[in-house]
Amino acid sequence: MIFGCYALFDLLASLVFGKYLVQIGAKFMFVAGMFVSGGVTILFGVLDQVPEGPIFIAMCFLVRVADAVSFAAAITASFSILVKAFPNNVATVLGSLEIFSGLGLVLGPPLGGFLYQSFGYEVPFIFLGCIVLLMVPLNMYILPNYDSDPGEHSFWKLITLPKVALIAFVINSLSACFGFLDPTLSLFVLEKFNLPAGYVGLVFLGLALSYAISSPLFGLLSDKIPHLRKWFLVWGNIITAGCYMLLGPIPILHIKSQLWLLVLILVLNGISAGMSIIPTIPEILSCAYENGFEEGLSTLGLVSGLFSATWSVGAFIGPTLGGFLYEKIGFEWAAAVQGLWSLTSGLTMGLFYLWEHSRRRRSKLQNIPGTEEERTALLPDDI
């Protein structure tokens, strides 16, 4: 419950902050979120000093909730600021920033482990919290203020657009796939290959590095050739589904589980994840604008809040369901079930794009006037 409450409050806070981004201010929301997050991270380091029992449990919940709310504020505001600052290169900028997400995933475990072993429990949290707090004055100085009028549209109108709802399902499934690996993959590697605990983190490197390297490329292609986004979304999900079928691999394939195959599949999974995730925000934005949403901070807040909220739902369901299935049916079948989720979202998205294409084609044919209509329209009224 202590870990799960993070995703729940991240979801709720993302929706609230996305709705009231204009009223609060994007810059203030981002800087305030970072400041609270840094302070709360330092508080994590002193939780072991709290008396055990109900007080300790209550403080754990309080710190996790505060961290979730501050993270939601910073992430929701950051997406909006980026799209506002780089309106013509949204996917490229988001893809480039995913390099640093990948670096964080790569450097976090070994750096945290080193500080923990060398200096004890408190130091990793204090060190990281101080780094975040140092970023606060820097961002206060660098970031511009963006002013905008509140919009008339709501989350409900955005999510009830069929295309947006399906893309939200895609985001949800991809987040759940990532979340599934957190509690299960390390246990599977330890049991299956008898690796030392220190080497387990290296297995995740293939996923993190391939995601960090491929994301800028897919972002650039999404901006330069916009019609490729739909193909990235569909095929990225289908490839991700195939990766999860082969992670174990699923027993019906009769493929022996080997460490090199597992690492290779994780590398492919990182690439397919980048292919699927990067086009989501540009696609939601283009759909919102086509349906009458104003081009301003209010719409950007709704879109970034929606992305964060749907991601947090998957981040909660993935490890929860994954851990349950791991215990009941084993890693191989649990990973396959997770892959089916991604396969369903990819195929559904593909069918929607085919339907959308055929509908637009029919409307174009209906709008072409016949020869007699053209002749009538061109002749003067008196004739």
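Using the three backbone atoms N, Cα and C, a Cβ is placed for every residue, glycine included.
What TrEMBL records for 1-362 is domain 'Major facilitator superfamily (MFS) profile'.
Residues or ranges marked as transmembrane segment in TrEMBL: 6-22 (among others).
Annotation comment: TrEMBL describes 29-47 (among others) as transmembrane segment. Away from its own ends, the transmembrane segment (29-47) comes close to residues 17, 21, 56, 59-60, 63, 66-67, 69-78, 81, 121-126, 128-133, 135-136, 139-140, 143 of its chain (Cβ-Cβ under 8 Å, at least six residues beyond either end).
Within the chain, the transmembrane segment (53-83) has long-range Cβ neighbours (under 8 A, six or more residues past its boundaries) at 1-3, 5-10, 13-14, 17-18, 21, 26-27, 29-30, 32-37, 40-41, 43-44, 47, 90, 93-94, 97, 143, 146, 281, 285, 297, 300-301, 303-305, 307-308, 312. Among the features that TrEMBL reports, transmembrane segment is placed at 53-83 (among others).
Packing against the transmembrane segment (90-111) from elsewhere in the chain are residues 79, 82-83, 124, 201, 204-205, 207-209, 211-213, 215-220, 222-223, 229, 274, 277-279, 281-282, 285: each is 6 or more residues past its ends and has a CB under 8 Å from a CB in it. Annotation source TrEMBL lists transmembrane segment at 90-111 (among others).
The transmembrane segment annotation in TrEMBL covers 123-143 (among others).
A Cβ distance under 8 Å defines the sequence-distant neighbours of the transmembrane segment (164-181), meaning residues of its chain 6+ beyond its ends; these are 158, 204, 207, 233, 237, 240, 244, 269, 273, 276-277, 280, 283-284, 287-288, 306-307, 310-319, 321-322, 334-335, 338-339, 341-342, 344-346, 348-349, 352. Look at TrEMBL and you will find 164-181 (among others) tagged as transmembrane segment.
Within its own chain, the transmembrane segment (201-220) is flanked in space by residues 91-96, 98-103, 105-106, 109-110, 113, 181, 185-186, 189, 195, 232, 259, 262-264, 266-271, 273-275, 277-279, which lie at least six positions past its ends and keep a Cβ under 8 Å from the stretch. Under the heading transmembrane segment, TrEMBL lists 201-220 (among others).
Residues or ranges marked as transmembrane segment in TrEMBL: 232-253 (among others).
Remote same-chain residues near the transmembrane segment (259-278) are listed as 91, 94-95, 98, 170-171, 174, 177-178, 189, 193, 195, 203-204, 206-212, 214-215, 217-219, 222, 232-233, 235-237, 239-240, 243-244, 246-247, 249, 346 (criterion: CB distance under 8 Å, separation of at least six residues from the stretch ends). Residues or ranges marked as transmembrane segment in TrEMBL: 259-278 (among others).
The transmembrane segment annotation in TrEMBL covers 333-355 (among others). Packing against the transmembrane segment (333-355) from elsewhere in the chain are residues 162-163, 166-167, 169-170, 172-174, 176-177, 180, 184, 230, 233-238, 240-245, 247-248, 250-251, 276, 318, 321-322, 325-326: each is 6 or more residues past its ends and has a CB under 8 Å from a CB in it.
Within its own chain, the transmembrane segment (232-253) has Cβ neighbours under 8 Å at 167, 170, 173-174, 177, 185, 218, 221-222, 261-262, 265-266, 268-269, 271-280, 283, 330-333, 335-336, 338-340, 342-343, 345-347, 349-350, 353, counting only residues six or more beyond its boundaries. Within the same chain, residues 27, 30-31, 34-35, 37-45, 81, 111-112, 115-116 sit at least 6 positions outside the transmembrane segment (123-143) and bring their C-beta atoms closer than 8 Å to a C-beta of that stretch.
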